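One structure below.
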Amino acid sequence: MVFGQLYALFIFTLSCCISKTVQADSSKESSSFISFDKESNWDTISTISSTADVISSVDSAIAVFEFDNFSLLDNLMIDEEYPFFNRFFANDVSLTVHDDSPLNISQSLSPIMEQFTVDELPESASDLLYEYSLDDKSIVLFKFTSDAYDLKKLDEFIDSCLSFLEDKSGDNLTVVINSLGWAFEDEDGDDEYATEETLSHHDNNKGKEGDDDILSSIWTEGLLMCLIVSALLLFILIVALSWISNLDITYGALEKSTNPIKKNN
């Protein structure tokens, strides 16, 4: 009876975890980290509500790096050196936007947008870009579709892509990195976007520590659920062992019965 109850509790807990995981995966919230080169762009995004609005509003060339199935920040290691990522997240990010759904750029921008789908990273950015003429394109979108990337190679690849695009755009380039999941929160607790002043103060006073603050704040729902499940399973094990240790096992039924009246021959 007790084992039946424990088993039912285990199944219920497992079902809840699976339901949470499916729900989180279906929503696919995303966060965008945006770097502006032109101060004038701040005047055009005062009423933005999504990353797509930012892309539609800025008047400079835009490079968008979208990760469909890969949470970039969840995979960045604090103790590793990534030249581009460290510089970008610590010093270059001007605006952070949290979206309730994956990035969806307006179809009206298709004539001025070039899209590259990146499953496996090419050997170099030139292998991907040099065959295309991007002179008439204001938006270049890189869609990363894999769920795993070598971060050092990814760091080098994105840096090379931006160097190529900056040459084309005359160093006037807005950079958008869109990743699944967690969004940066500013000092006021606003997770939709941070103001330029807040981020500027953060960068000037903390410098390199800004990157560590961002990465060290990562705490995914999946990891939290794993810890909860582990705690519940440990509790179930302790209860089961306690119940077994309290069993009073009687061996009398196993002993061979003897008839004291029967005489020995």
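The backbone N, Cα and C atoms fix where each Cβ goes, and this holds for glycine too.
The feature N-linked glycosylation site is assigned by Swiss-Prot to N69, N104, N172, with sequence analysis given as support. Per Swiss-Prot, the feature motif 'ER retention motif' maps to 262-265. The signal peptide feature in Swiss-Prot is assigned to 1-24. Annotated topological domain 'Vacuolar' per Swiss-Prot: 25-223, in sequence order, evidence recorded as sequence analysis. The topological domain 'Cytoplasmic' annotation in Swiss-Prot covers 245-265.
Distribution of Swiss-Prot features across the structure.
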residue : record                      : DSSP (3 states)
N69     : N-linked glycosylation site : coil
N104    : N-linked glycosylation site : coil
N172    : N-linked glycosylation site : coil
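Within its own chain, N69 (N-linked glycosylation site) has T145, S146, D147, L180 as residues 6 or more apart in sequence whose C-beta sits under 8 angstroms from its own. Across the fold, the C-alpha of N104 (N-linked glycosylation site) and the C-alpha of N172 (N-linked glycosylation site) stand 24 Å from each other.
N104 (N-linked glycosylation site) has a Cβ environment of 10 other Cβ atoms inside 10 Å. Neighbour count (other Cβ atoms within 10 Å of the Cβ, all protein chains): 12 for N172 (N-linked glycosylation site).
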